[in-house]
Structures are given as structure tokens and as C-alpha cells.
């Protein structure tokens, strides 16, 4: 199947998913500089919030350097052609957060739930549509649901008013074939006018391949991050995706060389550590574990002497999902006790 001439919308994750490896401590100056670089490179949609979305600032997820309001207020007036989006997880973010984001000029709201819990998104999706926002239903940890279950959940979100649905590989666990079956099933079930997106992680080095597979199966919005800055081994690396799309004749509107410069000159220098597929990030993908668990598991390793890899495998075995970061500490303590590293 040729994709030559196909148009997609690339959605940048550097300033939202990239907050995870930065422990949510990105400065306003870093946000503004990178946002301007992305805007100048032609990226049409840029996500800006705490890594866990609007209202994510907490003991459980981490306290950011600045509030969502401050980050959004700093970035939105600066971008010339790009629109700004925000992520919202019901139960973390509220309708009041949504109103605040809309008031500041956020164009797109992405309402995220676990892939089998679309029903908790109804209030937020309906409210966002009432505000006439570009409203996205974001189904996380998509590897944990069958294609049939996923399309059922996607139709719920579409019914609430979402004009775009995302198949989200939060764990970086899917392979091109499993991406195609899920994205293809959802595409077939949705109305033709409802857009379809894919969000990948690079834990098995499949970010770009999976994104291309998603485009082949009918997705037209694709998430990526400059230099891959994101949870785990990072998001699909934007500069690589853009180069591959260019070679395949897929139109993105993003400048191949300018996005490379953003990645190399602006994003890599602010990394606290290299975003790469180390054994722990690889374990996330292999075991199908939520990407933002990585740093929590590494911290628990330091505290309890249980290897992060073992903790992550156990989290996968227990079927833990996004939002259960507090269980990492609990799991590490239990494992340390069982191994005689901690007094009972």
C-alpha cells in the first residue's frame, strides 16, 4: 500500500510526556524556547501540561516547577502557527481545569482513560465539545484490550462527542502487526469524519515503525517528541518520524532539518539523562508496563535494593495501569521483605 500523498497531523509531546524524565521540573524558559523552535519547524500541535495532565501536581505524580496555568500562559502567546493542546485524565484533572485551559486559549483537549474505562470520560468530553474545543478521546495502555474491546470503547467516546480517538501504546509494547489490527478495527468502527490518532513509545525501538503501521491502518494524527523526550525510552522520535515520512511521501508540513535542530540543539541539552533503551525501559516494553513507572521503579531500587527491572516485571504481572504509581513503593517493599532486605 502506497502512502505517497497522504497527509497527517503531527502532535508534539516534548513539553508534556517529556515532563516525565524531567521529573516535571522543566523551566518556563525551556518550555518557551522549545515551543518556539517547534512552531518555527512547522509542528501544528504542541501539548503543554504536567506529565500526568492538567491537575497532575501531587505527591503521587510529582510536583512541577510551575503550575499548568503558568506553563500554558507562557507558551500560548508565543506560538505563531501551532495550536496548543492539554491532556486531562478524569480523576486527576477536573472540569475546572478544563475551563482554565480553554480560557487561556488551549485549542485541543485530550481526555485520557485506561483503554477499558472510556465511560469515565463522558462528563469531560461533553463539556469540551460544549466549549467547541477540538476534543480527543485518548485510550491508554491499548495493548491490554483486544481490538474488539478497543473499538467498543472508542465508539463510547465518539458518542460522547469526541471528534478524534487515539489508540495509545503507553507501554511501548505493541508491534506493527498489533498496531494495525487495533487501529484498523477502530477506524472501521468510527464515523468517516471522526479522526484517528496513534501515540507510541520507543521501548522496543518500534516507535517509528508502529506510527507508519498506524498511518497505513487509517490513523491521521501521530504523536512524537523531539529527541524522543518522554517516559520510558521516550516517545516516537519526531525528527526520525518526519524524515521517514518525507522519504515515503507522507505530508507532515514539518521541516526535516529544522526539527532535527530543535531535537539536537534545544532538547538534548536539557535532558537529565540520555533517553535510550536501557534494560529497565526495555522491560517496560517487554512486560507491557506504563511508561512513567520507570523513574519511580529506579527510585525504589535505590531505597529498597530490589532491581528496578524486577519491580517492573512484577508490576506487569499484577496488571498495574497508569495512575497506580503509589503501588510501586508498596510492591518494592513487599519484594524487599520477601528477599530478606527489609525487616518484616
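Glycine is no exception: its Cβ is also placed from the backbone N, Cα and C atoms.
Here Swiss-Prot flags 8-260 as domain 'Pyruvate carboxyltransferase', drawing on sequence analysis. The site 'Transition state stabilizer' annotation in Swiss-Prot covers 16. Residues or ranges marked as substrate binding site in Swiss-Prot (evidence: sequence analysis): 16, 17, 170, 199, 290. Residues annotated as Mn(2+) binding site in Swiss-Prot: 17, 199, 201. Annotation source Swiss-Prot lists active site, proton acceptor at 20.
Feature annotations (Swiss-Prot) mapped to structure.
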| residue | record | Cβ contacts under 8 Å, 6 or more apart |
| --- | --- | --- |
| 16 | site 'Transition state stabilizer' | 47, 48, 49, 50, 51, 53, 86, 87 |
| 17 | substrate binding site | 47, 51, 223, 225, 229, 230, 231, 235, 291 |
| 20 | active site, proton acceptor | 51, 230, 231, 291, 292, 294, 295 |
| 170 | substrate binding site | 140, 141, 142, 199, 201, 290, 291, 322 |
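Other residues of the same chain near the substrate site, with their Cβ within 8 Å of the Cβ centroid of 16, 17, 170, 199, 290, are 13, 20, 140, 168, 201, 230, 231, 235, 291, 292. In the predicted model, the domain 'Pyruvate carboxyltransferase' (8-260) has a mean pLDDT of 97.
In the three-state DSSP scheme, residue 199 (substrate binding site) is classed as strand. Same-chain neighbours of the Mn(2+) site beyond 17, 199, 201, judged by a C-beta within 8 angstroms of the site's C-beta center, are, in sequence order, 13, 168, 169, 170, 172, 200, 223, 225, 230, 231, 235, 236, 291.
Those residues noted as binding substrate (16, 17, 170, 199, 290) have their most widely separated CA atoms at a distance of 16 Å.
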